[in-house]
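> Checked TrEMBL, it gives:
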{"type": "TRANSMEM", "residues": "21-46", "note": "transmembrane segment"}
{"type": "TRANSMEM", "residues": "58-79", "note": "transmembrane segment"}
{"type": "TRANSMEM", "residues": "100-125", "note": "transmembrane segment"}
{"type": "DOMAIN", "residues": "138-230", "note": "domain 'CAAX prenyl protease 2/Lysostaphin resistance protein A-like'"}
{"type": "TRANSMEM", "residues": "169-188", "note": "transmembrane segment"}
{"type": "TRANSMEM", "residues": "194-212", "note": "transmembrane segment"}
{"type": "TRANSMEM", "residues": "269-288", "note": "transmembrane segment"}
Amino acid sequence: MILKETELVREAKKSKHLYNIIVAYLLVFLFMVIGEIIGGIVFLIIKTILKIPNNTPINFSLYLITGFLFSTLIVFLWVKKREKRSITGLGFCREGFVGKYISGFIVGVILFSSVVIVLIVTGHINLVNGLNLNNILPLIIVLPGWMIQSATEEVLVRGWLMNVLGAKYNITTGLIFSSLLFALLHFLNPNVSLVAILNLFITGIVFGLYVIKTKNLWGACGLHAAWNFFQGNIFGFEVSGIKTDVGSLMKLKLVGSDLFTGGSFGPEAGIACTIVLFVAIVILSYKIKNSYEKIHL
């Protein structure tokens, strides 16, 4: 069943301005570029004043926070001042937001762990280092960075873009074109491949469906944060081609076909990930269909 409208799309329709796909894409890039410029300046100022060394957890976390936070603030300002609507309309409902975030985080843990399980079962993973409890404190320091980074991408792509396009056209169009942009945002990442871009598009579909299912953005923010955090700092893989270099709870090595494992881009570029993502799409689509039918009985 194809839904034409959701609660968040109805919120987006309250905007004084609705944009076509090209203009909406350009605005997302504008939000990102301005935010990253401001964030880069703030990062250098704080890093210089506090004399934070490179390749440390606090440096990495600060980089993620300053590099992404300002883009979120710009979107908030744009929605409030230009579109004349509430920031809660992006999916940030006040009621039970902590529980919604934690639920999404748990789903993210299960989702990425499922990718790892597929790789283990098929013999495509070697254990390099077991549990390293000395890295627990660095991981705690890094987690807020992933939370801000992931939330910013969710605000830009799912909270704003998907629902604005959903209001202009329909939610299916919003879901597809927001997922396409999500994939394209990673196009220049190290060791990117065609399968990586395809999987990132499918990941965007999964995250978008989760927003549609839960009717809020908190859960998707938690899901995305867990996906990145567990990928890079629990299991020790590259995150979309990027090495974190700040330690992980364990270190797993991908072996065998890069097509199946994702190789140096990380599991996101492998068929193992594709399998898990398609299963997630089937489950979410089924749940959305059921909830929609119950509402319209």
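For all residues, glycine too, the Cβ spot is worked out from N, Cα and C.
Any TrEMBL annotation is an automated prediction that lacks curation.
Note that the structure is a prediction, hence the values are computed from the model and not measured.
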> Over the domain 'CAAX prenyl protease 2/Lysostaphin resistance protein A-like' (138-230), what does the predicted model average in pLDDT?
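Summarising the domain 'CAAX prenyl protease 2/Lysostaphin resistance protein A-like' (138-230) by its mean pLDDT gives 97.
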> Short question: which residues 6 or more past the ends of the transmembrane segment (269-288) have a Cβ under 8 Å from it?
1, 3, 111, 114-115, 118-119, 122, 124, 191-193, 195-196, 198-199, 202-203, 205-206, 209-210, 212-213, 241, 254, 258-263
> Determine which recorded stretch among 58-79, 100-125, 169-188, 194-212 has the most C-beta pairs below 8 angstroms with the transmembrane segment (21-46).
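Most Cβ pairs under 8 Å with the transmembrane segment (21-46) come from 58-79.
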> DSSP on the domain 'CAAX prenyl protease 2/Lysostaphin resistance protein A-like' (138-230): how many residues come out helix, how many strand, how many coil?
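The composition, in the requested order, is 79 helix, 0 strand, 14 coil.
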